[in-house]
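Enquirer: Questions regarding the structure given below will be posed in turn.
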Amino acid sequence: MARKVVVVDDEKPIADILEFNLKKEGYDVYCAYDGNDAVDLIYEEEPDIVLLDIMLPGRDGMEVCREVRKKYEMPIIMLTAKDSEIDKVLGLELGADDYVTKPFSTRELIARVKANLRRHYSQPAQEVSGATNEITIKDIVIYPDAYSIKKRGEDIELTHREFELFHYLSKHMGQVMTREHLLQTVWGYDYFGDVRTVDVTIRRLREKIEDDPSHPEYIVTRRGVGYFLQQHD
């Protein structure tokens, strides 16, 4: 069965180009041209991935992303004409998985679509190299097979990408990982984003798992190098 893609862009020529090229790749494509219709379309079609413009009439892309994340975990790639770190970072903090700045290469965007779909929907047994055992880190228990984490017995709601990042760090406890390395291994080798994506995802993780995110005891920064998961006896 073909993967479903929802394209949301108020510039119809751009949406048409994306629809044409994505259909050539074998995807089922549905388009919306404003924020309100986008939410309705996503709820109706329940796509496998969403390409979401930031600047939209009605609800903007940020509002749409926030609304969709209340119910769904499919990858969301933000499309922005504003070459602004604020927009990019805010989009990721709301739960977007990736972003592309206009003008963009259709070939690059399709590569990102494939990378996000592959990473999000690949089988857990493959992604964790057959690991089935629980991983305990102080008060946190990771359940690889269930793609879930608990802290002091309480479930921690993580996105797919957040889980992958935390689980990867847990398999390399105490080892400092550069942002570039994490982009390659967690986001995929053909990921075209910048290292700021890692920083934002780390910040989201800390807000969910740390007692005091400003003084983390699990995910530690090695300034100028990267991140590592602190060992606990």
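Here the Cβ of each residue, glycine as well, is placed from N, Cα and C on the backbone.
Marked as DNA-binding region by Swiss-Prot: 132-231. According to Swiss-Prot, the feature domain 'Response regulatory' maps to 4-117. Summarising the annotation, Swiss-Prot assigns 4-aspartylphosphate to ASP53.
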Enquirer: If you run the three-state DSSP split on ASP53 (4-aspartylphosphate), which class comes out?
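Expert: Its secondary structure by DSSP: strand.
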Enquirer: What does the DSSP secondary structure composition of the DNA-binding region (132-231) look like, as residue counts for helix, strand and coil?
Expert: 35 helix, 24 strand, 41 coil
Enquirer: Under 8 Å Cβ-Cβ from ASP53 (4-aspartylphosphate), six or more apart in the same chain: what's there?
Expert: VAL8, ASP9, ASP10, GLU11, GLY61, MET78, LEU79, THR80
Enquirer: Report the mean pLDDT of the predicted model across the DNA-binding region (132-231), rounded to a whole number.
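Expert: That region's mean pLDDT is 89.
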Enquirer: Go ahead and report the DSSP secondary structure tallies for the domain 'Response regulatory' (4-117): helix first, then strand, then coil.
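Expert: Per-class counts: 54 helix, 24 strand, 36 coil.
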